[in-house]
């Protein structure tokens, strides 16, 4: 199956390693990777801040960029959810709305794609460690994908998964929220870090680079010894 | 400005909230308890999503036909021997109630909990007119005694107070001399309130839902105070927001069931009261006179806008009980008697952006509120809608942000420009980076780095790696 990869800004610039694991993981499961070079950003920063005219520009560009794709896969529940917001964003431009719907229908978050489309539950990964998983808000609530990451992680050989207390609570990222309301965001991420520590896990796994950048950045600032991994990195782990 | 609480800035209020450890601990515990109870109630009922859809349909249908149902309600209240008054503004509503109080030469008024009377500052208006107004909901009673401390939650108004603080207030104001045990505190309040009920000339209540087909009002409480307030005093005045009605008892059944489950995780609260006008011949108790005050106060301006679904709210506070922002800052930080996600949506609509411009941004858009809402109000989307109005219509956002977003739109739609920005990022940020980490970022990044480290951009972006790999280069 041919898969068009939407890498997301954060993975492209800050976490290229995540992208490499996504490519290897998908290739190992028989996918051919297409990377449309014209891709930019999904437009969420502008959309969430209320600048919908500017967000529309990003949306239209991304619709064009991925129009040829059979399936679009992205290692972020949040950016995938933004693609699915395009039809509503462009609801008053009929032709664009139709094209937006087509894109929305063929867009998948990485684990969603592996589990729901390729019907994979075991990626053959091996990672002897104890870990806890942070459920990202947009992935669980906007995309509605609550199962796929757990199904895939439960079959990683050697991995002990510990339940994160209050896992339903946001980590405090929220894009510009982390900058605009930094004192509130700080309280939120601190409680998340406390919950992670409570599990005594060695690794924090997440499926969104935004959340991981937030929680990881706070843990680094507080010198916490917890290792942070994107789920693609875990699912692509091999015995060394 | 009646909904607004105090004159402190949003940032001040938030700092005060964050540094109030006791309040935060109480809120965390309450959220945890209510989360479990609501989840259990959803499971016990079964088919929760279908019930939500049905509730959403009931609220949408009622709001779409609001004029019809309000007329039907009003006709039936009059048929039952009651009086109806439509108040366009807070002042009109208060004026009407003051006139009744004057006519009845009322000295003492007993109230059950009502957010809409908080919204229009009815107590203040009546007190100015010389009446003594007593709140009979335990939480409201405590707040009133404590120098009219504003509510911090729409269902549990005194959530921010601990039992020791309550004991102190009772001791100072009423000479209470027992312990801070909740049972003893409550017993004392009951004894005090019983006398007030017996002496009251007028009972004022809110209205959880009015029923159009029979001209009735319903009241949902766990303390039974609304039932006493509507049976002992000779006059009963019910004040309702103009959107708080259902067509028939069948819809009332659904919504009361959703309200109790969503608010406190109960199948039904201890008391659900349905009242249809004044007492009839042969009735043993009940008021001789019944008035229904239907308050607009800005609501009709919301009809027909992108915000109409905000009027579907049944005031259960489920959104507040799951909100991670409310969890850490508490209700008073919102600066409005309506806190949490629904407050952040409603306050600017009812009272304007001027006093509530920060509220739409007091959310990480995690959508926990939207998920929790029993009538499916897309709360996080309405917060984005507010941001859109502020950025694109009111043009009240900082100029720097406006230009940044324009630049963003431009870059995100032109790959060359976008790539240039991504390519230069490592160089622009390199003076701030140390061992792959930025601890003190420039400009807007500072909000981030005040709290957490920021990763320095990698030298080789993913797309460069991928391109090289395609060419058979590094892997």
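Including glycine, each Cβ sits where the backbone N, Cα and C put it.
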For the [4Fe-4S] cluster 1 site that TrEMBL describes with B:313, B:316, B:319, which of these is also annotated: B:366, B:373? B:373
Please count the residues of the domain '4Fe-4S ferredoxin-type' (B:310-377) that DSSP assigns to helix (H, G, I), strand (E, B) and coil. 42 helix, 1 strand, 25 coil
For the [4Fe-4S] cluster 1 site built from B:313, B:316, B:319, B:373, further residues of that chain with CB within 8 A of the site's CB center: B:262, B:314, B:315, B:317, B:318, B:341, B:342, B:369, B:372, B:374, B:375, B:377, B:379
Those residues of the chain, 6+ apart, with a Cβ under 8 Å from that of residue B:319 ([4Fe-4S] cluster 1 binding site): B:340, B:341, B:342, B:368, B:369, B:370, B:372, B:373, B:377, B:379
Integer Cα-Cα distance in angstrom, residue B:323 ([4Fe-4S] cluster 2 binding site) to residue B:316 ([4Fe-4S] cluster 1 binding site): 13
The rounded CA-CA distance in Å from residue B:316 ([4Fe-4S] cluster 1 binding site) to residue B:366 ([4Fe-4S] cluster 2 binding site) is 19
Applying a 10 Å Cβ distance cut-off over all chains shown, what neighbour count does residue B:323 ([4Fe-4S] cluster 2 binding site) have? 30
Taking just the CA atoms, what is the gap between residue B:313 ([4Fe-4S] cluster 1 binding site) and residue B:366 ([4Fe-4S] cluster 2 binding site) in Å? 19
Chain A contacts from binding-site residues B:313, B:319, B:369, B:373, C-beta within less than 8 angstroms, listed by sequence, come out as none
